[in-house]
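According to TrEMBL, the Zn(2+) binding site annotation covers C42, D44, H98, C101.
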Amino acid sequence: MASYEELFENNRKWIAQKTGNNKDFFKELAREQNPEYLYIGCSDSRVTAEELMGLGPGEVFVHRNVANLVNSVDLNAMSVIQYAVEYLKVKHIIVCGHYNCGGVKAAMTPADMGILNPWLRNIRDIYRLHKSELNAITDEQKRYDRLVELNVEEQCINVIKIAAVQLGVAADGYPQVHGWVFDLHNGKIIDLNIDFNQVLKGIREIYDLTAGEDK
Ligand SMILES: [Zn+2]
């Protein structure tokens, strides 16, 4: 584990490495950002955003919180998504959960967790929505893994409910929304292959915010 002082030494090495390949690296970086991806993931220290996708500075707009939730009254997440869609014009929004997620685990545990209660209640609600499927899984680890996946799917649906996303798709055909799970055991990204257009269609029956555009 790096000591606090080593972080600055690491930073110096990183600068040397970046400018070694391209002396104008930071000049170009400072100019603007034009990422194609918005990544919404868990704050878990083991699930890095850029590194696991092999992306560098400027390539992905990132939002992370406990258990990668997209909640309509979370001003932080909503601002990130609106900015990414309307100003950065990202082509893809990725919601990435991960197995062994402490937030999802906590939501499966009957305990008072203070300020985390209202946050984790979002996941408990997902459990309630999918109770019959989840309760039919007798293996606790498998049930936990499945809740991680269902949480990602539900957060993708929450992204699609957002007006900026619906309007973007109606006008430009993007952003596309993708649900992923990161498997800590082998480092693999698993695409849950959410049928974006089908979900969007279903969502628009009830949550349509495009005011009749493109109908
Ligand atoms: Zn997590």
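All positions are counted from 1 along the displayed chain.
Glycine too: its Cβ is placed from the backbone N, Cα and C atoms.
Caution: TrEMBL annotation is automatic and unverified by curators.
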Assigned element (helix, strand, coil) containing C101 (Zn(2+) binding site), judged by DSSP: coil
Candidate with sparsest Cβ neighbourhood (10 Å radius) among C42, C101, the listed binding-site residues: C42
Environment of C42, D44, H98, C101, the listed Zn(2+) site - residues of the same chain whose CB lies within 8 A of the CB centroid: G41, S43, R46, V47, A67, N68, G97, N100, G102, G103, V104, V148, F182
Neighbour count (Cβ, 10 Å) for H98 (Zn(2+) binding site): 25
Collapsed DSSP category at C42 (Zn(2+) binding site): strand
